[in-house]
Amino acid sequence: MKTPWKVLLGLLGLAALITIITVPVVLLNKGNDAAADSRRTYTLTDYLKNTFRVKFYSLRWVSDHDYLYKQDNNILLFNAEYGNSSIFLENSTFDEFEHSINDYSVSPDGQFILLEYNYVKQWRHSYTASYDIYDLNKRQLITEEKIPNNTQWITWSPEGHKLAYVWKNDVYVKNEPNSSSHRITWTGEENAIYNGIADWVYEEEIFSAYSALWWSPKGTFLAYAQFNDTQVPLIEYSFYSDESLQYPMTMRIPYPKAGAANPTVKLFVIKTDNLNPNTNATSVEITPPAAMLTGDYYLCDVTWANEERISLQWLRRIQNYSVMDIRDYNNSTGKWISSAAQEHIEMSTTGWVGRFRPAEPHFTSDGRNFYKIISNEDGYKHICRFQIDKKDCTFITKGAWEVIGIEALTTDYLYYISNEYKGMPGGRNLYKIQLNDYTKVACLSCELKPERCQYYSVSFSKEAKYYQLRCSGPGLPLYTLHRSSNDEELRVLEDNSALDKMLQEVQMPSKKLDFIILNETKFWYQMILPPHFDTSKKYPLLIDVYAGPCSQKADAIFRLNWATYLASTENIIVASFDGRGSGYQGDKIMHAVNRRLGTFEVEDQIEAARQFSKMGFVDDKRIAIWGWSYGGYVTSMVLGAGSGVFKCGIAVAPVSRWEYYDSVYTERYMGLPTPQDNLDYYKNSTVMSRAENFKQVEYLLIHGTADDNVHFQQSAQISKALVDAGVDFQAMWYTDEDHGIASGPAHQHIYTHMSHFIKQCFSLP
């Protein structure tokens, strides 16, 4: 379960947004300045119309020293060291195509470019599209042996220009762009058998991707997963489409709910060098380790260590036990050989393995060692070095902070992102550690621009000779290019200076990032504070909540969103709090909600609101809460708790009963809804059981009728329970909208409607 995608924007330094990271409440722009400030505020229209547009710099590395960047619809090739560019593909080249190009992908050898058009979105990551291949040497389209329309996924091999694609749930390989395709699988069937692509639950909850294809580093082998959903129950819902449609369409998706039959999975590998168009290709299955065969299991990661060594991670349905199985190719038999010494077990005794799944391994170039993020004995996620045939590993990082991700591995260094700097869980910085001396660690971003940039991500060139640093806040996004040998900044790629100048004329809110201590534990929060914030005044407070396991809402990212409008124009404080169950602060906090969803994370939001109301600047008669998805669930549970703290709240696309949500996500945290396992906590964590307490609050319930993720059923049952209890409440549905309610008209309508509700609740004009 994830929150709907929202545009993330930022502001330069103190000119547009002030971020305070401190323990005591800090006074900002106090008092008398407000009357003299004639600048306009950031309005709801500004948010809905995206009046202030941030610039991004999305490059694509094509080698260790060159990258592509699209500018004025020309695709330019840049040299990283010197910054000079040449036209890789002119805008005029696209004029000869019959279709509008949605995206492109260049073959690793630079000879061909794959052009995508007719894009049709399916679920969160999945889509279908049509493709043409352009020969860059001949400067012409390849017209023979074209890729079929409505292709579900396509990818180049890591070297050369082989192609693997999925069409009608079957896998195909092209060894040359202009040659005929080799059909690899023959079993594909809609809503039943998926080859090379994920079914709904694997796409949403395990791979976070549609692809289930994995090329070996040189393209000799192709691994692919097969999912069998024939026993998975279908979710069915109406899709109303145009008003001229007399009978609505019925959408059907194999969707395993908690405790229901899951898809089964198999993993195959095929050698692509010897494909013969006259004979069917032979795929070799790699079966799971014996420890997985005692019950249901998931395939959760596939990583190639080298050309003839593959790592598979398998996870039991009760997600506290996983096995990483490293297999080697036997040339004489064509089989992938297992060894007990090359099986690595990862377990959790306090919750589940990993943050959402076991982390992927990062292998050394010889494939003999790998680095992986796992929990240490203190429950913090850190990097451990493994030898492939040894059970124990050596931690190379440590501390009361967490490694977020391994970003690059070279002969001498490992690069990673962590939140170590200044003990702030909501920050992100880039570090490198010397592999022959783990005590030699350097932060490459911490002191570059600490006022503007405290939240970084990174993109490395093919062999990590260069990297792009991407600063997401608290100031405006800043993109810089660096040389790895000395970490020197070579140039600024984008600094959003034009936007900063525009925002000088707007009264922008400030952001406070701080913590409170509850039961001797630090819990972080953020507040978006109105312009000219004055601690002697009383402001209405809106809690913006998500609160799902391993979530984080208090961070150093700058956003231009609905909260910006509420603070700037309506003088509402918008706060978020990371309580028990939240992520990136150790397993003790994250696993507190294990098998207990709907308890501590709900209680902590209520307690946070109480603590905020004691700070002196919150009007305790005007406190509201709102959230989307898991946040909608927590909002509803909070309002149904009868605490007397909240006047009103908004729940968008909420879960209402955990048996209604998908198996992978729900069972990770709750186990199975059976009397032998955790049925009592399933029953005690429903919104409907709290219906009577909604008489004490004002409640707005919102859902899209075509939500494939959190089904409309969830809100329908809340509505039914409230009606049965005689509760007066407001509700809004959005016809044919999915979980994001993101189409243009619906997006504008929902935020306008919610704004009216909040203003009415707070008695604002």
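Backbone N, Cα and C atoms are what each Cβ position is placed from, and that goes for glycine too.
Feature annotations, reproduced from Swiss-Prot:
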- 1-6: topological domain 'Cytoplasmic' (TOPO_DOM)
- 7-29: transmembrane segment (TRANSMEM)
- N84: N-linked glycosylation site (CARBOHYD)
- N91: N-linked glycosylation site (CARBOHYD)
- N149: N-linked glycosylation site (CARBOHYD)
- N178: N-linked glycosylation site (CARBOHYD)
- N228: N-linked glycosylation site (CARBOHYD)
- N280: N-linked glycosylation site (CARBOHYD)
- N320: N-linked glycosylation site (CARBOHYD)
- N330: N-linked glycosylation site (CARBOHYD)
- N331: N-linked glycosylation site (CARBOHYD)
- C384-C393: disulfide bond (DISULFID)
- C443-C446: disulfide bond (DISULFID)
- C453-C471: disulfide bond (DISULFID)
- N519: N-linked glycosylation site (CARBOHYD)
- S629: active site, charge relay system (ACT_SITE)
- C648-C761: disulfide bond (DISULFID)
- N684: N-linked glycosylation site (CARBOHYD)
- D707: active site, charge relay system (ACT_SITE)
- H739: active site, charge relay system (ACT_SITE)
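Between the CA atoms of N330 (N-linked glycosylation site) and N84 (N-linked glycosylation site) there is a gap of 47 Å, rounded to the nearest whole number.
Looking only at the recorded positions N84, N280, N519, N684, D707, the one with its C-alpha closest to C453 (disulfide bond) is N84.
In the structure shown, the C-beta of S629 has more C-beta neighbours within 10 angstroms than that of any other entry among the recorded positions N149, N320, N330, S629. The two recorded residues, N684 (N-linked glycosylation site) and S629 (active site, charge relay system), have Cα atoms 19 Å apart.
Minimal Cβ crowding within 10 Å, among the disulfide-bonded residues C384, C443, is found at C443. The two recorded residues N320 (N-linked glycosylation site) and N178 (N-linked glycosylation site) have their Cα atoms spaced 47 Å from each other. In the three-state DSSP scheme, C761 (disulfide bond) is classed as helix. Separation of the C-alpha atoms of C446 (disulfide bond) and N280 (N-linked glycosylation site): 55 Å, rounded to the nearest whole number. Put simply, D707 is the one of the recorded positions N519, D707, C761 whose Cα lies nearest to the Cα of N84 (N-linked glycosylation site). N228 (N-linked glycosylation site) falls within a strand segment according to DSSP. Cβ neighbour count for N280 (N-linked glycosylation site) (all protein chains, 10 Å cutoff from its Cβ): 12. Ranking the recorded positions N684, D707, H739, C761 by how many other Cβ atoms lie within 10 angstroms of each Cβ puts N684 at the bottom.
Counting in whole angstrom, N149 (N-linked glycosylation site) lies 59 from N519 (N-linked glycosylation site) by their C-alpha atoms.
Counting in whole angstrom, C393 (disulfide bond) lies 41 from H739 (active site, charge relay system) by their C-alpha atoms.
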